[in-house]
Amino acid sequence: MGQVGRLLVIGVGLIGGSFALALKAAGACREVIGVTPQREAGEQAKTLGVVDRAYTHLPEALGLLQPGDLVFVAVPTLAVESVFAQLKDYLPAGVTVTDGASVKGSVRSAAEKVWGEMPSFLVPGHPIAGSERSGVSAARDDLYRDHRIILTPAPDTGADHLRRVVQAWQAAGAEVLEMSVEEHDEVLAATSHLPHVIAFSLVDTLAHDAENENIFRYAAGGFRDFTRIASSDPVMWRDIMLANREAILKAIDLYSLNLSSLRSAIASGDSAALMGVFTRAKAARDHFTKMLAKQAYSETMQAQEVTFIAQPGGTVSGKLRVPGDKSMSHRSIMLGSLAEGVTEVQGFLEGEDALATLQAFRDMGVVIEGPHDGRVTIHGVGLHGLKAPPGPLYLGNSGTSMRLLAGLLAGQGFDVSLTGDESLSKRPMNRVANPLREMGAIIETGPEGRPPLLVKSAGQLSGIQYQLPMASAQVKSAVLLAGLYAQGETSTVEPAPTRDHTERMLQGFGYSVERDGARATVCGGGELKAARIDVPADISSAAFFMVAAAISPGSDVTLEHVGINPTRDGVIHILRAMGGDIELQNTRTVGGEPVADIRVRYAPLRGILIPEAQVPLAIDEFPALFIAAACAQGETVLTGAEELRVKESDRIQAMADGLSVLGVSANPTKDGIVIAGTSGGPVFTGGTVDSLGDHRIAMAFAVASLRARDTIRILHCANVATSFPNFAELAVGSGLKLQQL
Ligand SMILES: O=C(O)C1=C[C@@H](OP(=O)(O)O)[C@@H](O)[C@H](O)C1
Ligand SMILES: C=C(OP(=O)(O)O)C(=O)O
């Protein structure tokens with residue numbers, strides 16, 4: 001059934017003609033009538049099949065319309081008023097009118113001038129689509145497909161009229177948005193009108209140059225890409241400039257200011273300022289391109305929905321290098337940004353979480369080059385050099401980013417808000433907000449201490465002695481980072497050892513950290529000096545392949561250059577206690593962190609009671625360890641691990657649910673789990689498990705396939721890119737039968 005009866009298009013060019021073709025192609029209207037002042041243009045539109053009938057005289061065409069029909073005014077912006085004047089006298093009742101003009105303020109003024117108010121049948125609109133080509137011969141039925149249409153209805157716009165216009169655009173394949181006239185005109189001034197001003201002016205400038213022939217002869221792709229829109233219709237663009245004057249002037253003024261500061265940077269040879277503009281622009285443009293493609297920061301996260309299909313069986317073998325340590329990658333960006341001088345990082349994890357931290361510091365004015373193959377160059381701004389970001393800092397899925405930043409930002413002289421994705425928005429933040437408030441920070445949270453966080457400028461912080469109620473490196477780090485800005489000493493005392501990368505890296509940047517058993521102390525008012533950071537491979541990522549080799553007979557895998565910091569090596573101790581065959585080779589110290597190649601060969605496993613002291617040292621490795629437990633003879637019991645319930649998912653419940661689906665008896669307890677293992681043969685049935693968007697749950701169940709009887713499908717795996725973007729590739733390369741859909 002058609003969305004509209006007849007469609008009357010006034011002005012049969014690219015915009016009007018494409019709308020007509022799209023509705024015809026969708027079978028969404030009964031007939032198209034075109035009105036154009038030149039008879040030949042009307043004839044051409046008929047010949048091209050764009051209209052069924054063509055008129056030169058608007059009142060005559062209007063006389064054919066009935067209630068339920070639609071008029072599309074597609075004339076240059078400044079001609080809209082004269083069209084409205086004719087509609088006033090000849091438009092039959094019940095007919096809907098919309099338009100495609102690029103400026104909405106002038107359409108509203110024209111309507112008010114003609115009718116004295118916005119008539120209820122008028123639904124102003126603007127398709128955000130076009131081409132530098134113009135005229136009916138350029139019209140295409142897919143011009144609007146997957147493009148956005150902005151409608152700016154008035155409070156009195158009739159609901160039926162609005163619905164008719166929305167449905168017509170949807171039939172053309174477009175996505176319909178609504179906004180106010182003012183907002184529309186400002187957004188378009190910045191994103192469309194200003195670029196056209198610049199393109200027209202640049203080409204005009206060059207064309208007047210005496211050497212222009214040569215210039216155009218040698219102008220290659222860049223010039224062509226950048227100036228394509230200077231071939232657009234001059235009349236249309238003249239009209240837009242006149243109709244949206246105020247908003248365009250504002251956009252030109254802001255741009256002129258930035259262009260002249262770029263000029264000064266070039267004139268004075270200010271390389272840092274140039275790198276600042278170029279790296280920020282590149283990051284923004286790349287991010288924007290990915291946003292349009294509905295991707296996030298990293299290339300691997302191509303689709304919103306990723307499903308892993310893991311075929312049963314196989315062994316793993318070979319030498320593998322998993323990506324850089326996530327905890328150290330975050331901290332390298334943070335401390336490098338706050339240091340004096342240029343910090344070079346290698347081995348940086350190019351995963352979503354670490355990239356979110358990187359982007360946050362770019363947003364706060366830090367010039368960061370890369371990452372290129374794990375290399376990042378950070379032009380430190382000093383402890384007091386961060387600038388207020390232009391908007392909220394979006395930290396995606398990353399708890400570490402949000403909690404450490406809360407501490408680091410608590411002592412800045414500006415307000416900043418921290419937001420995250422659906423999972424991060426459910427995670428507890430009072431564990432950092434409370435101690436920081438004790439230091440004098442002003443932090444607002446969402447309901448029940450959840451994100452978003454608003455960290456306000458609070459003046460001078462004071463040092464505290466903080467006894468951590470839970471073993472958390474994120475809480476410890478947040479307090480110590482705030483301590484850099486606090487008066488006097490700030491100490492943390494932890495109930496059990498947790499990862500100490502913050503303490504080690506601060507020392508690596510020349511900042512004194514006193515460590516005495518469970519206590520770590522910093523004194524405010526010092527200085528960080530740029531450093532070289534070599535980030536080893538992440539033991540939390542290596543853990544999936546360690547477990548893979550440990551459970552599949554015949555496996556022999558070596559994980560190269562893995563960080564084995566004693567606050568992170570719980571997975572080695574636990575697997576060994578279960579009977580795992582693990583050899584540390586080539587143990588060495590790199591940049592203050594112990595590193596080794598870890599060789600794991602298959603050996604039968606047995607269930608154990610996991611020592612509670614190991615829990616914080618293996619906190620992220622439990623999803624993988626639960627798979628090992630399911631493949632071990634006897635029962636494995638975990639206690640003292642309630643922290644697992646507040647990670648990217650409730651990891652105890654998520655794993656218990658998935659294990660049960662796969663036929664393993666797994667009983668969750670308040671602070672742990674009891675898993676009944678099976679030795680020998682297939683352990684897991686096939687089935688579909690939900691990773692709940694938690695990267696470590698997804699990877700753990702992929703590893704389980706090595707001992708499965710049937711195919712395992714794992715849902716919602718896109719977040720694997722947060723910590724291990726090339727997991728599937730390495731998994732397949734080493735022997736898993738994994739497919740990503
Ligand atoms: O400080 C860090 O880099 C991290 C600390 C741990 O979190 P908690 O501090 O919440 O235990 C860990 O789970 C997380 O993946 C990274
Ligand atoms: C808990 C994790 O990370 P975060 O807290 O940074 O989201 C993790 O990587 O397992």
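Placement of Cβ uses the backbone N, Cα and C atoms for every residue, glycine included.
Annotations in TrEMBL come from automatic prediction, not curation.
As recorded in TrEMBL:
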- Asp620: active site, proton acceptor (ACT_SITE)
- Lys326, Ser327, Arg331, Ser472, Gln474, Asp620, Lys647: 3-phosphoshikimate binding site (BINDING)
- Lys326, Gly399, Arg427, Gln474, Arg651, Arg696: phosphoenolpyruvate binding site (BINDING)
- 5-296: domain 'Prephenate/arogenate dehydrogenase' (DOMAIN)
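Sequence-distant neighbours of Arg331 (3-phosphoshikimate binding site) (same chain, 6+ apart, CB under 8 A from its CB) are Leu404, Ser477, His501, Thr502, Met505. Here Arg696 (phosphoenolpyruvate binding site) is positioned 8 angstrom away from the residue listed as 'active site, proton acceptor', judged by their C-alpha atoms. Across Lys326, Gly399, Arg427, Gln474, Arg651, Arg696, which the record gives as binding phosphoenolpyruvate, the greatest C-alpha separation is 19 Å. Checked against ligand 1, the recorded positions Ser327, Ser472, Asp620, Arg651 give Ser327, Ser472, Asp620 as the ones with a Cβ under 6 Å from it, listed in sequence order. Cα proximity to Gly399 (phosphoenolpyruvate binding site) (within 10 Å) is found for the following binding-site residues from Lys326, Ser327, Ser472, Gln474, Lys647: Gln474, Lys647.
The binding-site residues listed here are Ser327, Ser472, Gln474; among them, Ser327 has the most other Cβ atoms within 10 Å of its own Cβ. Checked against Lys326 (3-phosphoshikimate binding site) by C-alpha proximity, the binding-site residues Arg427, Arg651, Arg696 yield Arg696 as the nearest. Checked against ligand 2, the binding-site residues Arg331, Ser472, Lys647, Arg696 give Lys647, Arg696 in sequence order as having a Cβ less than 6 Å away from one of its atoms. The least crowded of the binding-site residues Lys326, Lys647, Arg651, Arg696, judged by other CB atoms within 10 A of its own CB, is Lys647. Between the recorded positions Gly399, Arg427, Asp620, the minimum number of other C-beta atoms within 10 Å of a residue's C-beta occurs at Arg427. Distance noted between the C-alpha atoms of Gln474 (3-phosphoshikimate binding site) and Arg427 (phosphoenolpyruvate binding site) is 13 Å. Within 10 Å of Arg427 (phosphoenolpyruvate binding site), judged by CA to CA distance, lie the following binding-site residues from the set Ser327, Ser472, Lys647: Lys647. Model confidence over the domain 'Prephenate/arogenate dehydrogenase' (5-296) is summarised by a mean pLDDT of 91.
The two recorded residues Arg651 (phosphoenolpyruvate binding site) and Ser472 (3-phosphoshikimate binding site) have their Cα atoms spaced 16 Å from each other.
Between the alpha carbons (Cα) of Ser472 (3-phosphoshikimate binding site) and Arg696 (phosphoenolpyruvate binding site) lies a span of roughly 18 Å. Counting only the Cα atoms, the space from Lys647 (3-phosphoshikimate binding site) to Arg696 (phosphoenolpyruvate binding site) is about 10 angstrom. Each residue contributes its Cα atom, and for Ser327 (3-phosphoshikimate binding site) and Arg696 (phosphoenolpyruvate binding site) these two points are 15 Å apart.
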